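Chemist: Dumping the structure here so I can ask a few things about it.
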């Protein structure tokens, strides 16, 4: 009751309560327990299915069948159509080959079981003798309905198809080639192709569910639940990814804040709390820091400042070099001017 109540089931109205899967599951659980207590102990065995509901791996096994249920049902319908066609062929041409071995009940009213003056033990001994062989067999394809039931029941359950339970014909019979083709077609089409199609759909669905589960676990391990930033964004940063999801964007702190906003009196709201309460009411998640974090912003700011300092240092160095070159150029000009004056004085004399 507390589990269902904590989900808010009892405050959402009768319609939402009836449509809630968790609520209906627990109601069925209680009803099954009451039936086991007052009606029959057999109902207690149904409660073992609760293990499937609680264990995700077992639940995925069930979902592998129900998720692509339409494909499985259509493939099963194809199998039924093929069984119907093979049953018609057997009814029309191979009716005498549908002779099955049976084990009759030890009842005097059962046909072929009662032998005058012989006990049941003697009857069992007689069944193994050649004289009692006809009593062990019966025709299974005298009607089309019986043919369909026989092919569906025995054909799908035998590894070699319907040919495993039919009469073994002699090679001298005229219908021997037809029997070979009939048995092989049923084996290849129904047993190998159609049934494996059904198994393949179930196995592929189970593999897809397992891949989706692994992908979700990988995303939860390598992506922040709040901001959506991946682990590699925090490489070579002052804050590691583990510290980020534990201190900066702890999802439980966000949950506690949402609960606080819901249970707190509206008149006591602060500015940020009023803003978040309105966003929650509108089912708007823009108040979440999507694809950004304070630690990365500070690191980016520090990086820009470092770049500016480096540029300023380079600029100062360049200015000093330019001033030094300018002074050297001036000295060189003075030397050239002095040498020119010294060359002009002898010519005047």
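Each residue, glycine too, has its Cβ placed from N, Cα and C.
Annotation comment: TrEMBL describes 29-213 as domain 'Ion transport'. The transmembrane segment annotation in TrEMBL covers 27-52, 72-94, 184-207.
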Chemist: Is the transmembrane segment (184-207) packed against any residues at least 6 beyond its ends, judged by a Cβ distance under 8 Å, and which are they?
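Modeler: Beyond its ends, the transmembrane segment (184-207) has Cβ neighbours at 60-61, 63-65, 67-68, 71-72, 75-76, 78-79, 82-83, 86, 155-156, 159-163.
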Chemist: Let me know the model's mean pLDDT on the domain 'Ion transport' (29-213).
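Modeler: Mean pLDDT, the domain 'Ion transport' (29-213): 81.
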Chemist: So if I exclude everything within five residues of the ends of the transmembrane segment (72-94), which remaining residues of that chain have a CB under 8 angstroms from its CBs? That is, six or more out.
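Modeler: Answer is 65, 141, 143-144, 147-148, 150-152, 155-156, 162, 166, 175, 178-179, 182, 185-186, 189-190, 194-195, 197-198, 201-202.
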